[in-house]
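Following: one structure in structure tokens, then a few remarks.
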Amino acid sequence: MPTIKCVVVGDGAVGKTCLLISYTTNKFPSDYVPTVFDNYAVTVMIGDEPYTLGLFDTAGQEDYDRLRPLSYPQTDVFLVCFSVTSPASFENVKEKWFPEVHHHCPGVPCLIVGTQIDLRDDPSVQQKLARQHQHPLTHEQGERLARELGAVKYVECSALTQKGLKNVFDEAIVAALDPPVPHKKKSKCLVL
């Protein structure tokens, strides 16, 4: 059975593990335990053909910056995650995560994933962010970032409610099986 390797990266506590556990077990985990490295496998049908979707969870904490890339070889698609309630994690997609995966795996398709969308309209979250002169990130901001970085696309979900969750992995599978062709600048011949 063919395998698709999907690696999930992003800051600590943005919901990477919850995303994977909720998708693979249909249950939302109740406790937060920082991940060092974990993997999960599910069988998915694509047309009439079964595939193994290998899901690799990684640690977002800086302590693991040297260890994390060991999970990158042979990756078919990356999910680069941020929480829509954490502007710092959104900035780190551009400053840290996208450059890191492109350094180690140039040309591998990446999706930008906004997590915890169930908290976007939560009054206590909005108040906490407002005290810091911030607000939850919008879908449009995610799409703009994906375009700016050259990601395959922007998707968002809630591991708690499962809204958009299956779509994240459906889009990852599509990107892995049919990676976009990188746009090469057309070279022009100039005769002077």
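Cβ coordinates come from backbone N, Cα and C, glycine included.
The GTP binding site annotation in Swiss-Prot covers 10-17, 57-61, 115-118. Swiss-Prot lists Cys189 with the feature S-geranylgeranyl cysteine, giving similarity to another entry as the kind of evidence. What Swiss-Prot records for Cys189 is cysteine methyl ester, and it gives similarity to another entry as the kind of evidence. The feature motif 'Effector region' is assigned by Swiss-Prot to 32-40, with similarity to another entry given as support.
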What is the average pLDDT across the motif 'Effector region' (32-40)? 73
Using all protein chains shown, find which of the binding-site residues Ala13, Ile117 scores highest when you count other CB atoms within 10 A of its CB. Ile117
Looking only at Thr58, Gln61, the binding-site residues on record, which one has the least crowded Cβ, with the fewest other Cβ atoms within 10 Å? Gln61
Surrounding CB atoms that lie within 10 Å of the CB of Lys16 (GTP binding site), all protein chains: 26
Who sits close to Gly10 (GTP binding site): which same-chain residues at least 6 apart have their Cβ under 8 Å from its Cβ? Lys16, Gly60, Leu79, Val80, Cys81, Phe82, Ser89, Asn92, Val93, Trp97, Val113, Thr115
